[in-house]
Amino acid sequence: MGNRSSNHLGIPPPKGPSAVGCTDFMMDHTAQGSFFRLYYPCQETEKAEKPDWVPSREYFNGLADFMKINRTLSERIFNYLFGSFKIPAYLDAPFKSNGKCPVVIFSHGLGAFRTLYSAICAELASQGFIVASVEHRFFLYNIIIFCHSQVKQRADECILALDKLTQINSGRPVQNVLQTQFDWTTLENSMDLCRIAVMGHSFGGATAIEALCKEVKFKCGVALDAWMFPLDDEVFPRVKQPIFFINSEKFQWAGNIIRMRKLDSAVIQRKMITIRGTVHQSFPDFTFLTGNWIGKLMKLKGEIDPEVAIDLSNKATLAFLQRHLGLEKNFNQWNRLIDGEDDDLIPGTNVKVLQSAI
């Protein structure tokens, strides 16, 4: 890959049997529209290029605003650190049909955007999934006040993305205002709409749980280091699908784990593991794109090798999805990871929680 230099910085390529393509879909420019990056199994081609990891300089400005630092200075820093990296997928490459693909809707974390989890999304696509990584609208002001309403809006945006994929799958024409080179008609009858999951990181993890509550078409959910505060208590008893919590070792705290435990069930599988040596930013692509010293200073890296951590997370996710979507794959070879059976995993959590608090 062109973005993996001699010091090994770069987003790891997917490990599955399929090459991976990606393209963008934007329904319209209104507040009711849908915007997502689609990852899919593709035909191998020499002509296709890999897109920039950060789609445009405006995203550097957005990160600066979120981090409350000077735009001009931050743009130079971000561009120096991250401006040369590429997504590990081929832009607008032709879709490769090999049976109907299960579907995953992915929700990013607070202050992030649709391209920042490409190591996860591309891996799923290389294993035969079609993945829509949603770009959520974000209102920076009064975030604590608005996060309860935002998680509902975010869930609706995940559901809308699924609705657009359903329309595309049916063969009905869709308007993509971005005018990409991808032929959307090739996706007709490409998706197995009986096998749909929702997944997300941090605020996106809460979004995934909210989406499970609102839409039964999602058969299961995976929450990566979920931030549970935005969820109303009334949501917990209404979620009927299996959920898999994959946590970092350094981010979680007792109050957050207690809210996860409110989803425990005697009849519905709710699993939790913790990856040793990880931090909250071990899931987005940032962790692969900085050297060890800067990465730890900025809390983008933990003690574990980032590629080992994401590989464990991805394999555990695939095993869970096979189990609960009824897939005929070989992902069950990693079933032990769902139970935390690995030297780099902790079954459940490393956080001490009083049983009486649960």
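First residue shown is number 1, and so on along the chain.
Cβ atoms here come from the backbone N, Cα and C positions, even for glycine.
Under the heading active site, nucleophile, TrEMBL lists SER202. Sequence-distant neighbours of SER202 (active site, nucleophile): residues of the same chain at least 6 apart with a C-beta under 8 Å from its C-beta are GLY109, LEU110, LEU224, ASP225, ALA226, TRP227, HIS280, PHE283.
Around ASP225 (active site, charge relay system), a 10 Å sphere centred on its CB holds 28 further CB atoms from the protein chains shown. Residues annotated as active site, charge relay system in TrEMBL: ASP225 (among others).
Annotation comment: TrEMBL describes HIS280 (among others) as active site, charge relay system.
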